[in-house]
Amino acid sequence: MRTSDSHLPLSNLARSDSIEFKDAVINEKWVHSANRRKGHLTPKAPEKKSGWFGGQKSEEELLMERVEQHELEELQTFIAQKLFRVDGIICDEETRILLVEKLMNAKEYPTINHDELAHRYGSSMAGWLRDRLVPSMSDCSSVLQRAAAEFYQNKMSDPLCNWGQLNPEHVSMVAARIAKFSEEMSSKVKWSLLVEPGKFSCHLTEFVQEFNRLDRMFVSNELSDEESLQTAFNANYLTKARSKMVPCAEFSRVKLNDGLGRLDDRNELRNGMFSDEHEFLQEEGYTAKSTYGTTDFIHANYVKGGPLLNTFICAQAPLKNTQEDFWRMVFQEKCQFIVMLNSAVDSSTLGPLDSANRNHCPYYWPRAENESLRFGSFHITCMKVDSKADPLFTITKLKVQKVGGNLLDAEFDEELFLEHWQWDWQYLGDVHWPFRVLRKARQLSTPTIVQCIDGCSKSGTLVSIETALMHFIRGSPITKSLILQSCVFVRLQRRLSVSSVLLYLFIYRVILRWIEPYVNKWYHRAALGLRFKSIGFIQKYNAMIQEFSRITPAY
């Protein structure tokens, strides 16, 4: 974060402590050296003004310490996750080879082949795997330098990182919004001796009640006729929706206007749903040749307007029969960035019972370099696999080509290049990754597709985080319940977004991560868990996700 002494109202943002993040390799000396080579996003702290008895640190110095400490922790986490991923791949490959050795009775056993690793994980990750096979961390300086360079990529142009360079009036406005939000959030943290008898601890009841308000919002407040309309969904949900309980609003849905879709035969659909013994379905009106659905429907909605800098599309994971529709949408909207937050399976490996389960997402994109797939009029080619640019996501660079009027013609009319980021997000304790994903989305002028199984829970959470963050930078003056307002804004356009209280709390936790250096008051820092690790919002949140999700991070 780059700041300016003449711009920031530092007296409103300072505090009186700094936490030392200890690491044998990636310490302050190392990161400052790296920053001089790559360019630092924060200015050097002012020199300490000392008097006869050593003096006292100024508010400006304390703020600079917190900002630099915040960025250092981000960098350390990024590199630690990246190195853990490399070690995990190496461990998996060595385990695979060991198992093959035990099962095979041969003179020569397989080894870790660089070309095979490049095919599976991309050439960049294969280089990381090679460089990581060294005896100690002290030999990994080049690896760490490459990771630091990737961490700082695109940060200089990110409004979340450079808002301190704006005009003083705008900076004061952002600082006031941060102060107001931290005050409101800390006031919702309540304390009690009864939650854990004999121990003074906090509870998050008010946050849970706020989520319940969100859940009842559209029940208590009737939508207009235009907002409640879902005509296309009602005409297509049997074949193109994973659940009829997750509607698709008509006014914000993505309409496919190329006319390339196909319609299902109503009789075939009926026979697949009911047995022949249902005689009431054999009447003349039901046996006539007819079709079901429309060609312009896909279960996806735009989320745009308000404080957002760019447009998002929240979409459900493609079904086996809607993969072509998905690529129709990608090509129509000229999307350059797809964020996939769920796992996928190979449809050919599923049995009859598994195939009937609509909770599976097929591999709708080619995963190996130079591999291609064809869906109707669209030819998708994997240009490159990059498993090292981000420590969590597998990045596939794709080329989408549309066949001309003659479907047998090998020539393509148009081409589209995009990046597909895939990660099965389950653990709610990592609050760093949304900033990396959203930073890339802000750089693009075309819509960003955010996709999970239902297109609402995880997808809506990520877009709600962006909505809340942009409220600080360019939104209207914050009154109350910023997170609630942001989620209502997203839910109005994409129904049932942010489907659980844990996802709702995750939004608060991510926003808290961003404002952390700028929270100045002692009580606010204590209530939010920024001053003491054993009490406050952060401690209670971590306990809740461990209790309810039962998932721990791999790193």
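Note: Cβ is positioned from N, Cα and C throughout, glycine not excepted.
Looking at 193-196, 329-332, 361-364, 509-512, the stretch flagged in Swiss-Prot as motif 'RXXL motif' turns out to be 509-512. It is 130-133, from the ranges 130-133, 294-297, 374-377, 494-497, that Swiss-Prot records as motif 'D-box 2'.
Feature annotation (Swiss-Prot): of 96-99, 336-339, 380-383, 416-419, the stretch labelled motif 'D-box 1' is 96-99. Remote same-chain residues near the motif 'RXXL motif' (509-512) are listed as 181, 185, 428, 431, 434-435, 465, 468-469, 483, 528, 530, 537-538, 541 (criterion: CB distance under 8 Å, separation of at least six residues from the stretch ends).
Computed over the motif 'D-box 2' (130-133), the whole-number mean pLDDT of the model equals 56.
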